[in-house]
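What follows is a set of notes on a single structure, which appears directly below.
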Amino acid sequence: MPGPSDDPTEIALQGNLFSDAEPTVSATGVEPSTACEAFSDMELTADAASRPRRRAPADHNAADHDSNTDESSDNSDDPAWAHHSQVDPQQLTPMLRHYVELKAAHPERVLLYRLGDFFECFFEDAITLSRLLELTLTGKEGGKAVGRVPMAGIPHHAAERYCGELIRRGFSVALCDQLETTPAKGALLKRDITRVLTPGTVLEEGMLSSRRNNWLAAVVIEPAHRDEPFRWGLASADVSTGEVQVMQRQDSDALHQQLAQLGAAELLSSTPESNPAWCPDQLRLTSVASTPFSRPAAEAALLRHYKLANLDGLGLPELPLALRAMGGLLAYLRDTQPLEENASVPLEVPAIVQRGDALVLDAQTRRNLELTATQRDGSLQGSLLWAIDRTLTAMGGRCLRRWLEAPLMDLDAIRQRQQLVSTLVEQRNLRQALRRLLRPMGDLERLAGRAGAGHAGARDLVAIADGLERLPQLAARLEGTIIRGPDWLDDLLQPDPALQDLASSIRHTLLESPPLSLSEGGLIHDGVDPLLDGLRNQLDDQDAWLSQQEKQERQRSGNSNLRLQYHRTFGYFLAVSKAKASAVPDHWIRRQTLANEERFITPALKEREGRIFQLRARACQREYELFCTLREQVGALAASIRRAARAVAGLDALTGLADTAASGAYCAPELVEGRALSLSEARHPVVEQLLVETRFTANDVHLGSGTDLVVLTGPNASGKSCYLRQIGLIQLLAQIGSWVPAAKARIGIADRIFTRVGAVDDLAAGQSTFMVEMAETANILHHATELSLVLLDEIGRGTATFDGLSIAWAVSEHLAGDLRARTVFATHYHELNNLANERANVANFQVLVEETGDDLLFLHRVSQGGASRSYGIEAARLAGVPTPVVQRARQVLDQIEAAA
């Protein structure tokens, strides 16, 4: 469809980020200045009634526009004006003066300023942009007294990619877009900030990880004072999915642990500290004003956002710090999310996270167990999530990740999940049928959020309709097979009836494959709106006139090769070859000369062109109005869509776990009250998948029923650390409701899992390896209970041998005696085997090895009894230590043993 005309009365455009700008929806439909005066709305409606249009879905491809800047390059390494504050704004050109005014309001953000087909930035932002994104640093004339100022820019059509890179690097971006296409006489184009992008508030699909939540968090701190402990309130929201949760606790370590678990993309705080101890190093801390975090401002923000008369129903008045954090978060959202009219960021009512809802996993344990990323390089492959994730949808992937990061402690809830997994394992046909329905589903959670915020495109709405239409099919498959399931499953089995009506409305209104652009038409089916049909009938008449005109001009000119064509810049024209150009009729007017052809217009063609442009503008405007109405309908049901989406996500996670269990020879663990942890032929869920040429050696473990501490000895590199980790991973898998890699399992619920596996220097904190190891051990001894699972891989290695042995012995005694925590302690201190002679709840186990001459064969088999040797010298030889060094080591060992 032709592009917009150059008519100065053309409809104003709204700023819209990464697609063509959307036309403003006026209150009366079409501005009088743009209406084709020959056809009133009544006449067009009557035309549609007399010539009804039939639905004819068709594919439309959005045009991709590439443009080049005309600014000259400036390769200076030291720009004259490296910061906007160095310049007197009154000496700048009007455009740059406006830029500096906006920059002063957003000094902490990269300001991108729309100029034609580019987003440009100037001064320090231009320097930053050119360095980070490897763009050419150019210059622009800033005024007679200023000269050229630094400039860098990105094409409008590539803005999402470049902004996404800035967001990933931790920057926030303010976008200033054009709010009109033609300025008033003697004035600049109207521009303003239309969107602020920050790591925690983005909604664009290309800037989000599809399979993990993008949390924005806010924290309020009350430091310890006299007899008052350190207290904190935390609010977190995923703007893209609408999930909101709040909590209030004590203890800075608990806050550090919670923030590490959450992994927020952005953390808001009004604390003056630049690097507080309670904030994990990897988090992005955004400093904000303290006013929005005050109690009155926070209450007002909550009442306004949720449209409430009071806050009693939310349960937040009893959590004053969490309430203040939530208010500050909402204020930040309001400042960074300029929304379309009748749109809002659809956030759920805050869910209060209670203490004891989830198994506690500190940051060290998460790293050691490699739940979602490997320790070596932080990649997904090789993690537990990689090994068990068979989900088919993005929302299902996020759901499974949340389950892994916060395993349940409620035995009934765990059993409900496990029963569903068992049903899906046993009923293979049901599982496969559900997975076929799940595979093509879009991300309903985030699509609904974009619709509610007024950012969704036509293709987003079509994807929503497709997903909603699958809900009854999923429910029908589950009917009769689910006896008792979690409450969230009801949103799938008994969905909101309005959702199917909404899907039908989307299908009735939108083409199956609409274009990306919302401003150029081609969105709406024929037969949906009489006024639109009338406009399309008139456009068909104009097309017929153009076809007839081409035939007439061919006859008049005697040129059978003449073509009537259209160009977005030049409009309609008659094209003839160079050879025929001299014989054209006198009433033709030369429009353009090319290498091989000449282009002409006629007065009649020019007059008709204006009428066609007016009709097209009205038709496109009407399509946009109809689309916006439909988008508002979708946004109004965003909460219902998301509830259904959460149920689909949970079902996807369960079917994925069932698929993993069915293909991996897993078993359904017997979940019991108490402290039992009994595993037969248990395997490491990740390592067994990584092995190619060998089979994983399964092993048993029995804790909590007579034995509370296992002292595990054996050679270096024999598999002790793997054994420890597999026990922790199986405990965790059981508490998310999954089957586990074992022949048989009987598992009680753990309140925490602690690991101390390896240690490295923390040079930044001035701590040696030994001090890091002792700090981790102290944390375990302070917080472990008889319901905890403790996995220790060596203690006391970084100091003198007897000091280390003494510490290891005392720690073991405390764990087995005072705490009675279920513990597996892997060590090379063979003296610890004597603990079993002193305490009935301590048992010795070893990893077997087979000696054949100078060679060692690691059997990876765990057996009762303590090892007497570590075979460290043999392990050194296998690692490639030079032979003379190995031989000398044996001589020294013989001397030491003889002296002993």
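Keep in mind that glycine also has a Cβ here, set from the backbone N, Cα and C atoms.
Quantities reported herein were computed from a predicted structural model and do not represent experimental measurements.
Database features (Swiss-Prot):
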- 1-88: region 'Disordered' (REGION)
- 56-68: compositional bias 'Basic and acidic residues' (COMPBIAS)
- Gly714, Pro715, Asn716, Ala717, Ser718, Gly719, Lys720, Ser721: ATP binding site (BINDING)
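Structure with Swiss-Prot features highlighted.
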residue	record	Cβ within 10 Å
Gly714	ATP binding site	28
Pro715	ATP binding site	22
Asn716	ATP binding site	17
Ala717	ATP binding site	17
Ser718	ATP binding site	26
Gly719	ATP binding site	23
Lys720	ATP binding site	25
Ser721	ATP binding site	18
Please list, in sequence order, every residue of the chain apart from Gly714, Pro715, Asn716, Ala717, Ser718, Gly719, Lys720, Ser721 whose Cβ lies within 8 Å of the Cβ centroid of the ATP site.
Ala826, Val847, Phe858
In which DSSP state, out of helix, strand and coil, do we find Gly719 (ATP binding site)?
coil
